[in-house]
């Protein structure tokens, strides 16, 4: 498979995952109700069992279509997708999950192109009329199309897939689906198979039989743990600590990406994964195991929670035996590899780069020093993975703890999905090497580092050392701001200083426009900006709300208004009664911080502000205090 095609398939999997994952809690809730109240459940109840059918028939497809439309064109796309999928639901007799994955995005695209075409053609004063009626009309039209065409087509496709699956089961071929699934997982293509095929088939099967084997095919942690355990016994000593962590994360955290790098270091281990998975599927078929809903993440805890009454032994047996098969095969393959890497007539083993994982440690050290500009100040680091919820979250947590132990408080470490990486405001992006090309396409301005393993402890140690040496040297050109009061003053080179004159407590306003004008006026009065910057701040707010969440808003000017900025500075305003700053009624800001930053100085300024306000207790204190010195103290306490 070519690289561009691989990226396309990964993107498709990411999009399917983005439709399913936000709604996974609903499927879990449905599984809990099913496990409790169906005839074979823990507390059989025919009355409460009646809620299962409406949820699976109506709620699942509508939620998925809503999410799919929202991903393409926000709320308007979500509404059209939700309306349209009803047509497909009532035209068929099967759960319309696959149809929802198609109809939802179609609704989003239709509204997107309609909005694009009509953007400058609606007369002033008719915007609300056009917006409301266009969504209703487009939704009705797509509903008719779904009812007449898309629904019946999806039903035929589902019947065909069901026929193929039954054919495989009757001919004892279903276990061999592992030949496709296990290699696909290693190359981050599992979301396409899992959410595009196995998940819809699983829901259809559960409706009929109150359980499905398809929910346990991809989520079975046994084969992956088998590979990790084999590495633990036959790998080199200095990776055993990370392997212990990987095994715990794989088993209880359900993050399967953890074992991918260990397989890629010795691709022959894919055979162990395949054989382990085949064994597990075979046991589930013979003993009729399965789950009542999706186990997400693929943790042993999730699997046990979604196991129907009476099937605990069967499901655990399938997981354990698949682990043993994978472990034994992996041990044999690693022993063969070790034997092949001994020098003939000597007891000295040659540790080749393409075999031992610890050989990647030295590569990481060299990579960090050669890839990063020693004069660049790194303040915002993002770990990215395909979905942004598994391995990247683990990696971000590891680095965050390390830099915290080193008393580094002015660097932000976060995680994100590849396709959610912002195209500005990021200094360093770290990904698995198979995803680095996609990350570079999302943001070509930031520095990029590639990892073989997200549990490579040596990498984090070297990166932490680099950050200390290059970002915290007193002689380096750190872009920062200090907090000045009688007891606190930083002698470092600063972008600006926060003083009592920048802080306004107990303010009252009737609208966010009034707030922005007040802040803009203070920026002008204190010599930070020219008069024109006030209108630029209002213009920027019309483009998109500067509401950040957690009671905070950060109004600033447009990119074009940088010529109106004289000096970098902020104005801190407190509104105890709150001001509506976002699009939703709940988006109330109590802390409004106006920003004016020259050149690229907005990046460290915003990063530092968000670092300070990353604690709910700090936000609460700043929202109610009546003493300016309290604000100065809370800012200075964060060592900014």
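Even glycines carry a Cβ here, placed using N, Cα and C.
Per Swiss-Prot, these features apply:
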- 24-45: transmembrane segment (TRANSMEM)
- 50-70: transmembrane segment (TRANSMEM)
- 134-155: transmembrane segment (TRANSMEM)
- 165-185: transmembrane segment (TRANSMEM)
- 273-292: transmembrane segment (TRANSMEM)
- 313-334: transmembrane segment (TRANSMEM)
- 379-475: domain 'PTS EIIB type-2' (DOMAIN)
- 496-638: domain 'PTS EIIA type-2' (DOMAIN)
- 556: phosphohistidine (MOD_RES)
For the transmembrane segment (50-70), find every same-chain residue at least 6 residues outside the stretch whose CB is under 8 Å from a CB in it, and list them.
18-20, 22-23, 26-27, 30, 33-34, 37-38, 76-82, 84-86, 88-89, 95-97, 99-101, 103-105, 107-108, 111, 203, 206-207
At a C-beta cut-off of under 8 Å, are there same-chain residues at least 6 beyond the transmembrane segment (134-155) that contact it? List them, or none.
76, 79-80, 82-94, 96, 98-99, 102-103, 106-107, 110-111, 114, 118
DSSP three-state assignment for residue 556 (phosphohistidine):
strand
Mean per-residue pLDDT computed across the domain 'PTS EIIB type-2' (379-475):
76
Secondary structure tally of the domain 'PTS EIIB type-2' (379-475) (DSSP, helix then strand then coil):
43 helix, 22 strand, 32 coil
Quick one: DSSP breakdown of the domain 'PTS EIIA type-2' (496-638) into helix, strand and coil?
65 helix, 34 strand, 44 coil
Near the Cβ of the residue listed as 'phosphohistidine', how many other Cβ atoms are there if near means within 10 Å?
25
